[in-house]
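K.L.:
Dropping the structure in here first, questions after.
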Protein chains: 2
Amino acid sequence: MAFRTDIEIAREAVKKPIQEIGAKLGISSDDLVPYGHDKAKVSAEFIAQARSKTDGKLILVTAINPTPAGEGKTTTTVGLGDGLNRIGKKAMICIREASLGPCFGMKGGAAGGGMAQVVPMEDINLHFTGDFHAITSAHNLLSAMIDNHIYWGNELRIDQRRVVWRRVMDMNDRALRDIVTSLGGVANGFPRQAGFDITVASEVMAILCLASDLDDLQKRLGDIIVAYRRDRSPVYARDIKADGAMTVLLKDAMQPNLVQTLEHNPAFVHGGPFANIAHGCNSVVATTTALKLADYVVTEAGFGADLGAEKFMNIKCRKAGIAPSVVVLVATVRAMKMNGGVAKADLGAENVEAVNKGCANLGRHIENLKGFGVPVVVAINHFVTDTDAEIEAVKAYVRGQGAEAILSRHWELGGKGAEDLAKRVAEVADSGVASFSPIYPDDMGLLDKIKTIASRIYRADEVLADKSVRDQLKQWEEAGYGHLPICMAKTQYSFSTDPNRRGAPNGHSVPVREVRLSAGAGFVVVICGEIMTMPGLPRVPSSEAIMLNDQGQIDGLF
Amino acid sequence: MAFRTDIEIAREAVKKPIQEIGAKLGISSDDLVPYGHDKAKVSAEFIAQARSKTDGKLILVTAINPTPAGEGKTTTTVGLGDGLNRIGKKAMICIREASLGPCFGMKGGAAGGGMAQVVPMEDINLHFTGDFHAITSAHNLLSAMIDNHIYWGNELRIDQRRVVWRRVMDMNDRALRDIVTSLGGVANGFPRQAGFDITVASEVMAILCLASDLDDLQKRLGDIIVAYRRDRSPVYARDIKADGAMTVLLKDAMQPNLVQTLEHNPAFVHGGPFANIAHGCNSVVATTTALKLADYVVTEAGFGADLGAEKFMNIKCRKAGIAPSVVVLVATVRAMKMNGGVAKADLGAENVEAVNKGCANLGRHIENLKGFGVPVVVAINHFVTDTDAEIEAVKAYVRGQGAEAILSRHWELGGKGAEDLAKRVAEVADSGVASFSPIYPDDMGLLDKIKTIASRIYRADEVLADKSVRDQLKQWEEAGYGHLPICMAKTQYSFSTDPNRRGAPNGHSVPVREVRLSAGAGFVVVICGEIMTMPGLPRVPSSEAIMLNDQGQIDGLF
């Protein structure tokens, strides 16, 4: 078989009507709200009725710290789901939606790869069912209502220098990062410094992904802090009276989107918060609904396990009252080699020594994940250049850590290539050995929560937080926000805050640059290092090559 | 029957599955791309195949100059469509999509009213099928690519002071009218003055509504002038290499949206360009496709006939190669009274004298419309306070103008109330008396085209255009744009450029403030007076009252 690109494979896929996919989960066509013939939202009524069912097993797919070699976390999530179905299990997949903006920059798709993809991949990577557009609209309605409130007399006495609610756009547009608005005279309002973030960085996105239903959604939207007064008292979205209309705009976006894998297995693709300033997981509604409909639910978390899995456990599972039965930690031989010091250009040559050296990163993640009381299975996502000796080196290392590593060839072979992985994952999930708990309790102080993550996950010696940061945390505790979990925003490339420190660094410090309160989402964001919330386009953006070909198909998307 | 609001009527509507509505037009369910159970797009393949069929009759609904009393143009369009179906004709409706932003300000819905509505009205007025979001994305991708091009070295030598392509958002947000972008240092680009318009004002919207197919769409997108160099030579979207990706983003948005009236008759709701800086009609694709599927197609144009119908004839019909068989001119007794000098508070009292006086506005429109070679039927959109004497006064006046006025009660009674109107309109359409032609030829000079509209439609004595405007028009003629039609942007409240001059003013001047070239849409915009392309929210925006009620229904939308 000649090499085919992801989009070629996706195009050739013979999809089943989405009603057939829904039927596998017991969803009647009346309870599916179709978007074309191959996508559908699940009705709120159906979801409410499903609440009484018992939960299936939750399987989290996470990864080592990402390297330029790529780990294939989404691909493994999809492949494992297909593998579980192949071995006769009733399984479904829950992943995040793709952001539109980065597609026009240089990012690859977010629908898996090779023979382990969800389809229709073009739609999933473009407008899909409009969820992100709805989030953009809801966010910017609040922004417009804030400036409108100030314009008409500012009854709430908002300090115009302390409006913290920015605007969003689902586009990589660096020109909008830092702007001055309301120029041009009296009719346009009071000039002030403002800016845009990319839509996935919106607190509305995080809220949509954590809300349990529309009532909870509206309450959380109302809780958003949009500005402060001169006396530093907060002004909420509720005070602006925007929460109702925002909820109306998000009504459909709250419903999970059902699609299918290349092997016609069901997948929810829903929500997609940033994995730095937010928690980086698909929606709670999708995951908890999937648990009612399938015996095994495979889901993923953003970035490496130090960020994504930590937040999945400490934020999403805590808030949603769910617990993983097993964690699948994705690694590749190539990534082990890069962690072991090999340059990307030299990854083609066998280098068992480098693999052994790089495994330290993998080992640290295994240890960390066990700290949540959850068993770990390592999935070696196979790449054509991997040698038997290299694969054996990873397996031996993982055995030494008291876990098991299984080679998986889903990228090449689809579910068939993931059967071994699926069997073992199902066994571990069914064994009942998991005894999940977050690594810090709700009632721990905010600074102590940060220190707990830094010491237990990052293995840092210390957290550096100056007085203003500590005072701010204390102030929030006094204002009743002390029970919130922490959302760490640091580089995804290292356990430390230095992206160049690969492997399993020790003895480092975690400097806290800034803390932000996401009162609606319900977490405190702790920023360690530069965090970009509005990307830019590269010198030659991929949008220059994206176009319809003579057959009306989309070329250049990936 | 107790009084019910539009939204209450719409909510209680028992809708048929959209596949049943499609079947009435011969569209199989495979050729319908569903968006929920009550909305669908028509596939491009079906539209291409339908091209060989013969055209039905085109009926344009337009109105007198709008007054605060309201005329009910969309309501009449829907009611007439239902009326035609009731008398046994195969008729369908083509109207514009609603803009999201104004819904949160104070604008009413755009889906008709009373018993003459298209449904689902909440969806139509909110995200609908995502067309406007797609337009926003395509527009802003081009914006981002322009600034990105400058950032990475500006190979095209764009004069940063002469970037004419702004950004758009589907929101009433006055703070974004006039902004400075790219602040914050080197990494954010070169600071420059910029701004946002509302999405319906985007040239991309006008292009989508005038393009005949995806190839034509991409060509027109490439033709957009985004900036000028220091030597004043234009830089096109094609030079930025954005046209391909923009077309991909607009692929689905190009397909007309099928919905139903309260009486289950088919309606295309597609596109919605501004009626001032653009041509204010639904899409050419929707209208031309409808003409292949139905024997009678009822469509509308924005604002009063001096703006909307003039552009429908001179821009849309000319470009699409279509011609109306009859024009329905909507008037109300209340609007006649306001034109006759009665204040809004006094409209409840009978005042035949004021009606007679106000009819001058109506008469002028009848005369103008006949100038296009098209017969006119006046529809008196009935209101409960209208007296027989007042109605008879309008009828008598219209008879005196060589036309006929018919009372229509579709708001109260739906299609049944519009049967008389439908019968007469069908008769006139079938009579073959129409002999349509635009009022100026392609090869007339641009300034002469403006003068032709000013004298023949506005009845102005003169067009005031200073040397810079005249030089600009001449320059465009030399650059090959002389064949384009004119898109007038002036107040909708008067034939003149002074909104306070109601009735049928004479002897006035038309001052041209500015001219703009919409090279992609294919018209020259002539701006006479203040034109607002980004509205603001009122002191108490309707968004404060929009929310989900206990039954999960949307309250406060209208």
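Residue positions begin at 1 at the first shown residue.
Backbone N, Cα and C atoms are what each Cβ position is placed from, and that goes for glycine too.
What TrEMBL records for B:Thr67, B:Pro68, B:Ala69, B:Gly70, B:Glu71, B:Gly72, B:Lys73, B:Thr74 is ATP binding site.
For the listed features, I'd like the structural context: burial, neighbours, distances.
P.N.:
B:Glu71 (ATP binding site) falls outside any helix or strand according to DSSP and counts as coil. Non-local neighbourhood of B:Glu71 (ATP binding site): B:Ala63, B:Ile64, B:Val330, B:Ala331, B:Thr332, B:Ala335, B:Asn381, each in the same chain, at least six residues away, with C-beta under 8 Å from its C-beta.
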K.L.:
If you count CB neighbours within 10 Å, which one among the binding-site residues B:Pro68, B:Gly70, B:Gly72 has the smallest count?
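P.N.:
Candidates: the binding-site residues B:Pro68, B:Gly70, B:Gly72. Fewest Cβ atoms within 10 Å: B:Pro68.
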K.L.:
Using all protein chains in view, find how many other C-beta atoms are within 10 Å of the C-beta of B:Thr67 (ATP binding site).
P.N.:
23
K.L.:
Under 8 Å Cβ to Cβ from B:Thr74 (ATP binding site), same chain, six or more residues apart: give me those in sequence order, or none if nothing qualifies.
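P.N.:
B:Thr74 (ATP binding site) has long-range Cβ partners B:Ile95, B:Ala110, B:Ala111, B:Gly112, B:Gly113, B:Glu300.
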K.L.:
What same-chain residues, at least 6 away in sequence, bring their CB to under 8 Å of the CB of B:Lys73 (ATP binding site)?
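P.N.:
Long-range Cβ contacts: B:Val61, B:Thr62, B:Ala63, B:Glu300, B:Val330.
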